[in-house]
Amino acid sequence: MSASPSPIGAAAGLDHLQARRDEEVVDSEKDALAHDSHAVNSGIPHPTATAPTIGIPIVPISAGRESSAPEEKISRSSIAASSDILHNPPSEKSISSAVPKSHRYKKSKFNFLKSRKKKEEEEKKNKEKEKEASVLPPVSFFALFKFAAPLEIVAMVFGLLLAIAAGSCQPLMTLIFGRLTTSFTNYAVIVNQISQGGLTPETAAALQAAKDDLKTQSGHNALYLMAIGIGMFLATWLYMFIWNVTGELNSKRIRERYLAAVLRQEIAYFDDLGAGEVATRIQTDCHLVQEGTSEKVALVFQYAGTFVCGFVLAFVRSPRLAGALISILPVIMICGGIMMTAMAKFGTAALDHIAKAGSLAEEVIGSIRTVQAFGKEKILGNKFADHIEKSKVIGRKGSIFEGFGLSIMFFAIYAAYALAFYYGGILVSHGDANSGIVINVFMSILIGSFSMAMLAPELAAVTKARGAAAKLFATIDRVPAIDSANKEGLKPDSLHGEISFENVRFHYPSRPSVPILKGFTTTFEAGKTFALVGASGSGKSTVVSLIERFYDPVSGVVKLDGRDIRSLNLNWLRQQIGLVSQEPTLFGTTVRGNVEHGLIGSIYENASPEEKFELVKKACIDANAHGFIMKLPQGYDTMVGERGMLLSGGQKQRVAIARAIVSDPRILLLDEATSALDTQSEGIVQDALDKASRGRTTITIAHRLSTIRDADRIYVMGAGEVIEQGSHNELLNNENGPYAQLVNNQKLAQEAAAEALQEDDDIDDLDDTVLGGASSPMQEKNGQLYRAVTGRSLASIAMDDIQAKRAEDLAAEDKIPSSFALYARLLRMNSADKLIYIFAFIAAICAGMVYPSLAILFGKALSDFEIQDPNELRQALSRKALWYFITALAAAIVIFFQSAGFSRAGWDLNGVLRKKLFTATLRHDIEWFDEDRNSTGAVTSNLADQPQKVQGLFGPTLGTVVQSCATLIGGCIIGLCYGPLLSLIGIACIPILVSGGYIRLKVVVLKDQRMKKLHAASAHLASEAAGAVRTVASLTREEDVRRIYSEALKGPMKLNFRTSIKSQCLFAASQGLTFCIIALVFYIGALWIIDGKYSTASFYTVLNSIVFASIQAGNVFTFVPDASKANSSAASIFRTIDNEPAINAESTEGKMLDHEHVVGHVRIEGVHFRYPTRPGVRVLRNLTIDVPAGTYVALVGPSGCGKSTTIQMLERFYDPLAGRVTLDGIDIKELNLANYRSQISLVSQEPTLYAGTIRFNILLGANKPMEEVTQDEIDAACKDANIYDFIISLPDGFDTEVGGKGSQLSGGQKQRIAIARALIRNPKVLLLDEATSALDSQSEKVVQEALDKAAKGRTTIAIAHRLSSIQHSDQIYYFSEGKVAEHGTHQELLAKKGGYYDLVQMQNLSRQ
């Protein structure tokens, strides 16, 4: 890649480099919006080469995208003063009693603000300390290649020598350029002398000799230029190819070793890592190392070669002139440093607010149902907008500094032109130099200086690689305490399966101050089934982890058949154990492949495929999985999707059980294997577990005590010790014991009622309810007639209409509007900056016209060297120097307005787009969010990424594009004016010259993007394994994963090898051809000068205005990716903004209800429904439910029967395909949506709290503005929710920060705050969607009391898996396959002995 002395090349390169770096950050950070913010990428522009430019580099292009700071997430630290209490909450009553009421919640605002400020300072200091502690020193440059083979090292050294040779070509070219200039000047002098003295035979002979000499010199020098071009082509092709291939090989080895090292680490290693850190290392850091060890290393040496050769040549030719010209370097460095510091300051501050906005967006979009249920889209949208507005204000300030810094820096560059001609004129007039030497030295210094600037971004890539490698190598070199790669250890020939713990003490390495096991001693006899029960944190799962040897005890010993497990070979130990966890991880392969993973390390590992399949099939039959597997589209060869996402929870569990038992292990560990399942799925899975545990040592952990009643022995754990043990019946005999208390918390009454309810009529076939309303006799008749004619129900027809509309929407998304239409709309959207855009456009055009205009000045300056009188020569060049100085001042002014104007407008547009996109996103209905493309991750990623990409084009980049176009057009016009014929030749060569920029884009700029895409599949595989490291370790899949990963890396490597030969050849050809074209123009120009068609001044004017302007204009291709990304991003943003959801909470249409007159009578009539994303699944089928005002109704049934869908229908998250939902007899579709939802409150299974105070989160439920809610109303809601005493016991009371997603509170505390939020609006209807299912028994009891209190006097509809919480309901509806199978009171349904009765029996713990 060639260095260019031109600032236009420099600045354009800066834009593309900034874009590239922005994209790296956005790609690596956008699926995570809450990480520490790094320093903003800004500062001194680093010019990038596009072609060997030797003309006058005059036009600057504004700095790149400093203002377009990428999205990065800011992690939110916990508030120090309250975190201890929140994480380790003592008894709430004891806390409450310890705080006198007179002092509770009476803190002054001053004290609160003071304490908040102090906390923020402490938080900042802690973050700085953590950051310092986590920083590793970068590895040495040579360490980057420590895995390279000797032959590769030889090839790389040879490539570096070629890179240095390629870098030397441009300074050598200036030498040729200087010699040609001298020849032209000498010829012009002779012509002038002859013209002054008249034509005589002697002068005619002298003139002919001068012509012959010029023709000969021009021919020779043109050949030299072509030779340099050919040499540049060969050297560039070879070194780019060599370093590209060796970089890929080196990266492949590092990736393989890093993943191998990760998989061999003990589990404690992962406890200290962030959730996505391993994935980030694999996807991002390995890419950074590859980028910094491939051709960028060679480019560093090329630019260094250019710098050294240029300065050496300059000082050899004229030490005095060279010494004067190097004065520009410190000025450029100082100005760039100041600008970098200022931009980093403003950029980091802007990033802080953008990151906070991104974090808020993730929370809000991740809980969109809660947001819409409470109608708080506007409040949360305003909070988001506040952060964006603050970032915009800071970005505007930074824009001024950016423009000012660039204008000063480029003024210094242009002033150097004036110095060159002024001082050069003095030297020539004194006979110390000639025109060729002045041009040679000037261009050599300029090329050398810019090569140093261009070296910086490539050197930055190497520096980043060193930093990234430090993290990778730290893991690669780390020897874990528990090493799965260690082949040592005993492998006994036989195993009985007896496990014993002897005085085991343990704490997690990440929490050394929290003891988990305290002298734990017990024995699990071989072949028996044991159960561990107890409260959360009592040490149950830790026991399983110690048996798997995920951790080693701090003291004591764990033995297997009397041997310390630390003496056993680790892989052998884990291969004897089958583990099924609460959330089993399946890998992205087939059902068969997942089960076969359980055969690794067994005697069947290398069995034939047929034999393996028989084992897999048997294991699946034992696990009750064979039946559903055979119903899958491809049976055992069906892909299960990422993490088994295409299977239900129960299906995943059964496949995991089959995987655990397929190798017939002697030990089976079941860590809450059924707790996440509904009762029906739990029953099926529990049967599979009971069958699988026969003849094995089985240890089960369960919250649902019904699953372990048949265990041989049950251990009740508390505070890391066994506090009670025995069989189920033995433990129940101790009525006051801890186990009996746990049972009582889940106990159901067993008294049966005398009479049973009549079964509901089967209404399976009544699908013809008329769409959208109650069924009148005429409508029913019409519906039946329609079915008779078409054979299809109205619900089915409605679903077809929805599907057709979705297909139309998807087709429309593939159509991107014209660029003109998009850009016009974007400019209209940012119309507030209309004047700024106008001034910036004018400034960019003026900056673009500077280059061709000064081509005239350059040509005239060179013609001045023809003057023979020293004084006159010096005066003429001094005048040209003055004009250069004036040009420098003018250019500095237009550069300031261009850079500052476009940068500011870019920030403003970014802010407008973010706010409008976020507001439009929240306006969409739930159906929109259900689509995979609109998942929380995808939407938050788009919110972070898309406005950024539009800003990337409509900020400084837009100015650069306008400037480049102005340069090209202006150059052609001036060239045609000064020399039409030569201009036409130059214009004919424009496609070739401009293509250099395009080829550079394809080869260099897009190369990194292409390689990232090629590595996406292998990176996903590695991330999947790293994200399921416990599963990988328990299955001893480490070697298997390494093998698959290595195979996956071969594809990108082979493809890169094949494409590199062609692409690098094209790139090298574009560099070499430029020299050849310049040689052609020079030679033709010399011939026409000899023929008298052109003067020297005209020739150089045409040469600079067209040829070199075309080269620089080729830089516009650098921004093709920006334009493409901006177009697609803008189109996507406008689609989101323009989309009108069918259920629009912002709509002002519909009847308004008076809250005081709402009774709360809810009725669902003949509702049919299918989710649009799953049109083949009928969810609700003619569902009819009547809930009288003020009653408590419960919905129960197996998973997938339609209970939660019913709640969502009541919230009007969806509309039924047929039938209707009414409130007080009015179809809810006729009501104003926002007003309707204000009558309802929802408490879900996983309550969402937002970053902010407890007060803020409670007030989100209010129906009136927050400032109008009184403290008494807040207190009353909190007392009803059983959370008031806890809140006022906190140091900051209601002003305590809850952390992101309520992270500073326990599950029970979050749930009760959510209940208070639901109650503060005094709802007429309360919806409870499994509000206690995720809690342990103790928390469930407290929350259930709050719910019972909250339900009094309100229409309440509750869903619960734990039937103990709803047995006193006024009416219980038992769902089956989307319809009501039976309903009645608890006692009435028990008497029926139907589906509800079966559920009760499965959870009945007190039956003997």
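Glycine residues also receive a Cβ, built from the backbone N, Cα and C atoms like all the rest.
For 1-13, the entry in Swiss-Prot reads compositional bias 'Low complexity'.
The domain 'ABC transmembrane type-1 1' annotation in Swiss-Prot covers 157-464.
The domain 'ABC transporter 1' annotation in Swiss-Prot covers 499-744, and the record cites sequence analysis as its basis.
Per-residue pLDDT, averaged along the domain 'ABC transporter 2' (1162-1402), amounts to 85 for this model. What Swiss-Prot lists as domain 'ABC transporter 2' is 1162-1402, and the listing cites sequence analysis.
The Cβ of Asn244 (N-linked glycosylation site) has 24 other Cβ atoms within 10 Å, all protein chains considered. According to its DSSP assignment, Asn244 (N-linked glycosylation site) is helical. The N-linked glycosylation site annotation in Swiss-Prot covers Asn244 (among others).
According to DSSP, Asn934 (N-linked glycosylation site) is assigned to a helical segment. The N-linked glycosylation site annotation in Swiss-Prot covers Asn934 (among others), and the record cites sequence analysis as its basis.
Annotation comment: Swiss-Prot describes Asn1127 (among others) as N-linked glycosylation site. Around the Cβ of Asn1127 (N-linked glycosylation site), 19 further Cβ atoms fall within 10 Å across all displayed protein chains.
Following the DSSP three-state reduction, the secondary structure of Asn1182 (N-linked glycosylation site) is strand. The N-linked glycosylation site feature in Swiss-Prot is assigned to Asn1182 (among others); the stated evidence is sequence analysis.
The N-linked glycosylation site annotation in Swiss-Prot covers Asn1404 (among others), and the record cites sequence analysis as its basis.
What Swiss-Prot records for 1-103 is region 'Disordered'.
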Inter-residue Cα distance where the pair is Asn934 (N-linked glycosylation site) and Asn1182 (N-linked glycosylation site), in Å: 30
Greatest C-beta neighbour count within 10 angstroms, which of the glycosylation sites Asn934, Asn1182: Asn1182
Cα-Cα distance linking Asn1127 (N-linked glycosylation site) and Asn934 (N-linked glycosylation site), given in Å to the nearest integer: 20
Rounded Cα separation (Å) that holds between Asn1127 (N-linked glycosylation site) and Asn244 (N-linked glycosylation site): 31
